[in-house]
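What TrEMBL records for Q110, K126, E147, A230, A231, L232, L233, E304, D319 is ATP binding site. Positions annotated as Mn(2+) binding site by TrEMBL: E147, D319. Positions annotated as domain 'FAM20 C-terminal' by TrEMBL: 194-403. Annotated active site per TrEMBL: D299, in sequence order.
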Amino acid sequence: SKLGALFEHPLYNIPMPEVTEKDKLFVVNPTEKFSLRSSGSDEWVSSSKAETLLPTGKTAYDTYPTWLKFHVGINRYELYPRRDPLMPTLLRDLATQRIVGSVQKSGGTQLKLIMTFPNYGQALFKPMKQSRDQETPIDFFYFSDFERHNAEIAAFHLDRILDFRRIPPVSGRLVNITKEIRDITTDKKLAKTFFISPAGNVCFYGECSYYCSTEHALCGKPDRLEGSMAALLPDKTLAKRRSWRSPWRRSYHKSKKAEWELNPNYCAQVRKTPPYDRGHRLLDLIDMAVLDFLMGNMDRHHYETFEKFGNDTFLLHLDNGRGFGTHSRDEPSILAPLRQCCSIKKSTYLRLQLLATQPYRLGDLMREALATDPLAPILAEPHLRALDRRLGKVLAAVGRCLAR
C-alpha cells in the first residue's frame, strides 16, 4: 500500500503541539453517557449522575456514537488526527446507517439534503448531477457550474493525503429516493417536488435559487440515486463558526475583474490587513489555494473557522463540489495567493515534493484511497493524471519564487 507507506513517512509524523483543555472544541464531562431509550423513540439520554464507569467496565466516552466522538475530538490544530481509529467506522456509518429523516438544507444555489440517522448523527447529502467523465463545458462560468458529488468525496481524500485534515469525512452512498427521501421527509416544500418521469423513474427537484426546477430534476434509476454523504460539523449553537470572505475571492460577474486580478502587488496590502498581518492565517490560505488548484476549484469565495480558537487555528475547507470539473485544462489564477505572496509553509512544500516522487505519486495515492469508497471509481483516470501535472505546476511556481 503506497498510502500506508506515505502515512509512515517522517513528514507525516511531525509531532503536533500538545492539546490542552482550552485547545479542545468541547470540554466533555467524563460522566455524561449516551444511551438510546429502549422505548424505540431513539431519544438522546444524557445523565450527569451516570457513573464514570458503566457496569460493562466501559467509560462514558465508549457509549458515544462515532459521529459524537468525531465532534469531541476536534481541536485547535486539526479536525481529526492523522491516525484516526474512528475514520473507517465513521465512513462506514455514512455509507450504511439507516436514514430516518431527510430535509432540504436551506440556502445555496443547488439542492442538498440533511439526512438523519437513528443515533442522531447527521450527514449532508449532495446528489449526483453528472457522470464521472463529463467535463464542464469550456464556455461555462465557474459560478454557473454544477456541484459534483464525486468531487466532494475526492476532495476529502486529497485533503487527507496533503495532511491538511480540514475537510469533514465524506463517503459515497447509493440512496433509495422513494424509501429514504420521499416516504420519510417532513419537509413539505420538498415533498411537493416529487414526480415520476416519462421513463418511469422517481424524480424530485426541491427549492433553491438556481438549479431547482423540473429541467434540473434529479432522477433515480428507477429510484436509486448516487450521492456524497459528508459528516456534519457540530451545530453552530454549540460551536460557533466564523465566516471569512477570501481576499482572493472572484468577482462573480461576467465581465468585471477582482482587484487581485489587476494589481500584481495585491499581496502587500493583504499582509497589512488583519487577520493576515500575524500568525499563520495567510499561509493556511495558501495551503487552501494549493488544494483548490490541484482539484480545479475556482469557487472559493469564503472560508470558515471555529470562533472559539480565534485567529490561531486551521481553516475549514468546506463545499468542494465545484472541484474536479475539468481535467484537460488547468486554471493558473487559482494559484494567485501563492504566486503573489511567494510564501508557503515549509512542511507543505516538503510534502508536495514528496508527492511528486515515484514511490508516492499523488495520482497513485488518490487512486488507492478512492478505491475504498462504495461508489468507486470516484474519478476518471484523466483527473488522476491531471493531479500529477498540476502538482508539477505548483512546485514550479514555488521554484520561481525561490529563484526571485
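Even glycines carry a Cβ here, placed using N, Cα and C.
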*Which one of these binding-site residues, A231, L233, has the sparsest Cβ neighbourhood, judged by other Cβ atoms within 10 angstroms?*
L233
*List the Cα distance (Å, whole number) between D319 (ATP binding site) and the residue listed as 'active site'.*
9
*Near Q110 (ATP binding site), which residues of its chain come within a Cβ-Cβ distance under 8 Å, counting only those 6 or more away in sequence?*
K126, K129, F146, E147, C208, Y210, Y211, C212, G321
*Rounded distance in angstrom between the Cα atoms of A231 (ATP binding site) and the residue listed as 'active site'*: 21
*Around the Cβ of E147 (ATP binding site), the count of other Cβ atoms that are within 10 Å*: 24
*Please work out the number of neighbouring Cβ atoms within 10 Å of the Cβ of D319 (ATP binding site), leaving out its own Cβ.*
23
*Have a look around D299 (active site) and count the other CB atoms within 10 A of its CB, chains all included.*
18
*Greatest CA-CA distance (Å) over the residues Q110, K126, E147, A230, A231, L232, L233, E304, D319 that the record ties to ATP?*
20
_Pairwise CA distance, L233 (ATP binding site) versus D299 (active site), rounded so that it is a whole Å_ = 21
